[in-house]
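Listed features, source TrEMBL:
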REPEAT    181-220  repeat 'NHL'
REPEAT    479-518  repeat 'NHL'
TRANSMEM  664-687  transmembrane segment
DOMAIN    678-945  domain 'G-protein coupled receptors family 1 profile'
TRANSMEM  699-721  transmembrane segment
TRANSMEM  749-770  transmembrane segment
TRANSMEM  782-804  transmembrane segment
TRANSMEM  843-868  transmembrane segment
TRANSMEM  894-914  transmembrane segment
TRANSMEM  926-947  transmembrane segment
């Protein structure tokens, strides 16, 4: 079904339901009308200064001939005369036609006897073919409207008011409905009201012409709300002397903005210009619009306007409902990340040093210009084998754009500064635009308007592709270099979104400018001179947008790609230290493919690289996708050491060639292992002494000295397992799987077990204080032995499921004829929990972290307050507060220690709850520090439990002397 039939059918159904005589089409938010209007009535037909226009639901067009004072009826389907109503209508300037064919028209009669004008509204009755007077007014009615209750409205321009009259009343006198009768700009005042519209809720819209706004008077209200223009409560659009109003089926406003010689329309994304939209004033070449007064929709959604400047009635055809841009705008989440190294698609054997252009269509076809052979190379992203090449007279092209129908547009360099188009029908290049200098950026918007950024003239121009001429008009920049909001300095890449807003990579000013449609002044959305905190840029040359209108910028001066999201800008590619083989220098162009991967021309190394999108976040759950478009895995929340180091490790490279972060991390892990070994040894020789095992605390601490060593040992093993298996591609998959399933769970087991042993120490100390002299040391040791046996089983049972849910996700990126690199396998240790299991994991995580902390803290407080209360009973002369303070000073290490342990454990809790899609490379040292710090308690047992205790220190010294004595024998 065609666009016209779709709109027509909906209009007819809606108008039947509402008994409306005028058209309210159901229009999409991105509907487009032709730039040029079709003139079907001129001065020879309508005379001079004719403003009346009405189109009914039968597509009959009603006009007024001001010379003969007659009403003309046209067939709207073929724009041919249909009928003439010959009644004399002096000074008729407005019409309204009801659904039964009756016509209401205003008329001005000069009464000689009374010496004053007589202003009437007449009704032509279709059944009797005669006129009758229905209303007298004090001044001329500029516009007429009949609501669904058959109430006639009239806007009286010179009286600054709108009046109405019920057509069932015999009286000719109307009543006031809007305005006070005095000109003004208050909410109850009007200033020269023009067009009016009353919707099915009987709400009245008024084009308040001299106040440059559209007022909405709710039914029965005297005070209006400003819907559009000056003093509007919400950002809308600036108006200048609006004169006409219409509403579509969705109650979106369409306004004749007379002072700006244009028609503007509303949609879900706000207001935009529809007709007469040249940003630099009225454009005689394209639309010849000036001094508009009235508009009306026909049954197809076409817009008809009265052009009072040349006394033309013009129709602007609803040309198409755009399906979108021909390039990829992927759906990305805020934490989307790309593989840092990239895959080499082509090298210098395929492209040449002068290649600067790439374009990828929505069916994943890649277009690249080959300057030396004067060709356009074409292949599919999924199969990089060259499928086609197009030869032609192209000279060192500076820009490239491909339309959805396969049309290829190329901007030559300044030796032949033209834009050429290739189409499959003609199979040759033809010139579509002449420019004084080369176009460094090309873009074709949804209205088939070609945009060209002229680097050497510091401006962006545009051209209607439906126009046969080669002439273009400026749309951004003054032609002189500068940094003001209306100026540009060496513009490069450009992008025009579906709202026709223009983004410009203002290269020389180190910024990205946004020119709202029809505006001369831009808003700086990134880079220098931005009103908001964005990101620093250096010579940006390329722009892309995702589906959420977030910017991605090719920041050529810093050899990186910047991406935008809900939390601002961040670097996404080319951001970190890497080897020379991983870097790209002087990137020239970028484009998204169908899957959200980034394809970049690395001009310095004469190659094209693809950077794979590694995760796609679903905002409705806590999972993300890793892998490539052919190998997907849903990853649960939590950041492990595998996730942190995965992007940093260089495959097939020894440790000496790894980045500094890996080398430093290796050194820190080794130091922590040595420190843990020393800590465990000192703790062990302390608590293996029988004197330290007189109560259960000594047994708990003896076990803790062992578990802390095992914890730090497993941490050491974990780090080196991840490093060595990831940098060695030849590692057997079984080794990956066994390490993935076992090392992390065992590490957690020892870590949590150690924490609970420390809690047991605190609980027994508190119990000792509670029992006092009745404390049974032998029973304490017996209980400790049982707990040391039972506790590890309980800890293990809480996460035994991890052995099931942990697995290795493995996928391979294959090589091909045009790739330099061979096939490579990627192995990643991942978890894939269901939502219920993930919730259980989170609960268990909090239990293992806060359980020992609560036990330690409350035990310490019980010791302080319990001992103080006991002593206050025996030392009644002592103040209780003084005793508490004294006990606190004596046992403060018991309170400080659990707080220190908690503070050291919190970072592990945080990274365990992070979304799985977090790109750790952005803040590598932050995540590494958090992970490393969480193992510090395992190397601080001696400092926390032995060093502060005089008894344990004495035991340690005695044990150490015995150990030295034994070793010397």
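A Cβ is built for glycine as well, from the same backbone N, Cα and C atoms used for every other residue.
Any TrEMBL annotation is an automated prediction that lacks curation.
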Exercise for review: Could you give me the DSSP helix, strand and coil counts for the repeat 'NHL' (181-220)?
Suggested key: 3 helix, 18 strand, 19 coil
Check your understanding: How about the transmembrane segment (699-721) and the transmembrane segment (926-947): do they have 3 or more C-beta pairs under 8 A, pairs 6 or more apart in sequence?
Key -> yes
Review point. Near the transmembrane segment (749-770), which residues from the same chain, at least 6 beyond its ends, have a CB less than 8 A from one of its CBs?
Key: 695-697, 700-701, 703-704, 707-708, 710-711, 714, 780, 784, 787-788, 791-792, 795-796, 798-799, 848-849, 851-852, 855-856, 858-860, 862-863, 866-867, 870, 894, 898, 901, 905, 934-935, 937-938, 945
**Study point:** Other parts of the chain folded back onto the transmembrane segment (664-687), taken as Cβ under 8 Å at six or more residues beyond its ends
**Key:** 645, 655, 693, 698-699, 701-702, 704-706, 708-709, 711-713, 715-716, 719-720, 723, 928, 932, 935, 938-943, 945-946, 952, 955-956, 959-960, 963
Check your understanding: Which residue counts does DSSP yield for the repeat 'NHL' (479-518) in the helix, strand and coil classes, in that order?
Key -> 3 helix, 18 strand, 19 coil
Practice item. Determine which residues of the chain contact the transmembrane segment (782-804) at the Cβ level, with the cut-off under 8 Å and only residues 6 or more beyond its ends counted. Key: 695-697, 699-700, 703, 741-742, 744-745, 748-749, 752-753, 756-757, 760, 764, 831, 837, 841, 844, 847-848
Exercise for review: Could you please provide the mean pLDDT value for the repeat 'NHL' (479-518)?
Suggested key: 92
